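Novice: Before I ask anything, here is the structure I am working with.
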């Protein structure tokens, strides 16, 4: 007879915490970790960069996908780390600590929570953030699983890179990828069974479930003099429009650079009979960095040029064009905000 | 014909944010506020105190109570601010900023969200935290309303006051009240109609819905040399036991001091035929501060003595006694963890 699976309802809060704590790493930035009313983290230049983000079951992730994949706690933990670390990266900073609130139904398996803690830890390490660790958290009950992470980081004594500083003539550059997570989402929501996917297609699913934002790139961009930056979490057209609007400029994208991104998605596009450019222009969640740099400077690794910043043609509405053509003309305006 | 009420599903995220932002105040501690990928807040002594806390509908608050009261967005916003500011207070620090994640069903009225923002702002101001403001946030959808607040604060160059430093011989002291929020909860869950409550009873309901933790007291205790401190959020017996266990001591409570707290709850206790000492010993959410001070020092306002710290009688299990009697003997052990 199979044993009944242990659920969070079977444990006290302290019992559940005793399962979680051994799965977390510590870092030198966390001066006082979990166990008191609050944690204490280092803020060496006298400022802290801070952001918050929630993932809710069936809104931001599914436990069971149409193609048979089951999102693990590990996936959700990894993705929570990635999304939040990316927000600090996008300011030119480096994350130093996370505080994590996890609410869930009583019937949630304890193994899911352990897996979540493992995913958080692996995400922090795997994304290259060795100075960051979980400083504290909160456990609670709810009708659905919801994970909220707040992240604290340091700017290394530099000014933050905002969305609002792009200048006409700047080079528009990208670090990381576009459309991989969106292609992976399309595969997850398709009826093509998980087991039948090629390794290349499966890697796109991984990009959705466990994204790998380019975490070293933000501080490098800040040091190199980036004039504006943000992470692409809602898609290039939409987020590019936000950067353009905040800066009072227009953006012009290079179709050759976009095509290179689209080519990497062919394995999914041909299978699903989709246009990969939809994912490149409309897909978020790869958490690449979109940044503007003064023309002529050597772009820091791993940034590559994907277009240019132009003077606003129409009252600073923040228009994003492709090779000088409006998005309406080339058929991509449905991704604009 | 009544107009259909505007819900969050009727607005875009930016449309909803445009309703929220004008209701928030700014403070000098927030160097870069909402609108970019992350906020920047001051951390003048090179450290940040940080904590996170979630309130979920039907777990931590009800929208409709048995006695007819309806929790407003204002209540939930105020209480979110109070709980989080209290966590920083309990370390001897002062909150400088909040980041707020609000998830909710699409049918949530926009007026509820506006009211929530007003409650956050009023809570911060009304609790006496003029250097604190909302630095950023996240909006999302979920099946129930859930509010997560992460708070960042400063320790003013002092060491944090932990739960673990209490010494035998120390005076045990309290700032704030005990049992008021629990008495208010009992009134909310009773069948006594809200309209029939006296002003004194109604004030207890307010203590549950909009608690007023003693925010100046934490930094004053730290400056006065408190050896241990925490906020009473789960009840005096339970939280006192945690402080005792962390410090490897026992606590002995003064029944006269407890009786004074109980007397203030008579208006509800007589109405509900309840023992007010249940609320004093078991009720959290007033967010008073429990602190230990070296014997003989003048307690800083508004702390008053409620007992003493004793050497651990039994292997540091953290026993809380009343006038030297064990909780079992006097009938209160059901509140211990």
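Even glycines carry a Cβ here, placed using N, Cα and C.
Dumping what TrEMBL says about this protein:
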| type | residues | note |
| --- | --- | --- |
| BINDING | B:37, B:87, B:231 | Mg(2+) 3 binding site |
| BINDING | B:37, B:51, B:87 | Mg(2+) 4 binding site |
| BINDING | B:53, B:138 | Mg(2+) 1 binding site |
| BINDING | B:53, B:87 | Mg(2+) 2 binding site |
| BINDING | B:60, B:285, B:332 | substrate binding site |
| BINDING | B:137, B:138, B:163, B:233 | ATP binding site |
| BINDING | B:234 | Mg(2+) 5 binding site |
| DOMAIN | B:35-154 | domain 'PurM-like N-terminal' |
Novice: Select from B:37, B:60, B:234, B:285 the binding-site residues whose C-beta atom falls under 8 Å of at least one C-beta in chain A, and return them in sequence order or as 'none'.
Specialist: B:37, B:60
Novice: Restricting the comparison to the binding-site residues B:37, B:87, B:138, B:234, which residue's C-alpha is spatially nearest the C-alpha of residue B:163 (ATP binding site)?
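Specialist: Nearest listed residue in space: B:87.
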Novice: Report the DSSP secondary-structure composition of the domain 'PurM-like N-terminal' (B:35-154) as helix, strand and coil residue counts.
Specialist: 34 helix, 49 strand, 37 coil
Novice: Counting every protein chain present, what is the number of Cβ atoms, excluding its own, within 10 Å of the Cβ of residue B:37 (Mg(2+) 3 binding site)?
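Specialist: If we count other Cβ atoms within 10 Å of residue B:37 (Mg(2+) 3 binding site), we arrive at 26.
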Novice: Please give me the CB contact count at 10 A for residue B:87 (Mg(2+) 3 binding site), counting all chains in the structure.
Specialist: 30
Novice: Quick one: of the binding-site residues B:37, B:87, B:234, B:285, which has its CA closest to the CA of residue B:53 (Mg(2+) 1 binding site)?
Specialist: B:87
Novice: Non-local Cβ contacts of residue B:234 (Mg(2+) 5 binding site) (under 8 Å, 6 or more apart, same chain)?
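Specialist: Listed in sequence order: B:284.
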Novice: Near residue B:53 (Mg(2+) 1 binding site), how many other Cβ atoms are within 10 Å of its Cβ?
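Specialist: Excluding its own Cβ, residue B:53 (Mg(2+) 1 binding site) sees 22 Cβ atoms within 10 Å.
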Novice: List the same-chain residues at least 6 positions away in sequence whose Cβ sits under 8 Å from the Cβ of residue B:137 (ATP binding site), in sequence order, or say none.
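Specialist: Result: B:34, B:99, B:100, B:101, B:102.
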Novice: Rounded to a whole number, what is the top Cα to Cα distance in Å among the residues the record ties to ATP, namely B:137, B:138, B:163, B:233?
Specialist: 32
Novice: What residue among the binding-site residues B:231, B:285 has the most other CB atoms lying within 10 A of its CB?
Specialist: B:231
Novice: Quick one: Cα separation, residue B:233 (ATP binding site) versus residue B:37 (Mg(2+) 3 binding site), in Å?
Specialist: 33
Novice: Between the binding-site residues B:51, B:60, B:138, B:285, which lies closest to residue B:87 (Mg(2+) 3 binding site), Cα to Cα?
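Specialist: Out of the listed candidates, the nearest Cα belongs to B:51.
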Novice: Going by Cα-Cα distance, pick out whichever of the binding-site residues B:51, B:138, B:285 is nearest to residue B:37 (Mg(2+) 3 binding site).
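Specialist: Checked the binding-site residues B:51, B:138, B:285; minimum Cα distance to residue B:37 (Mg(2+) 3 binding site) goes to B:138.
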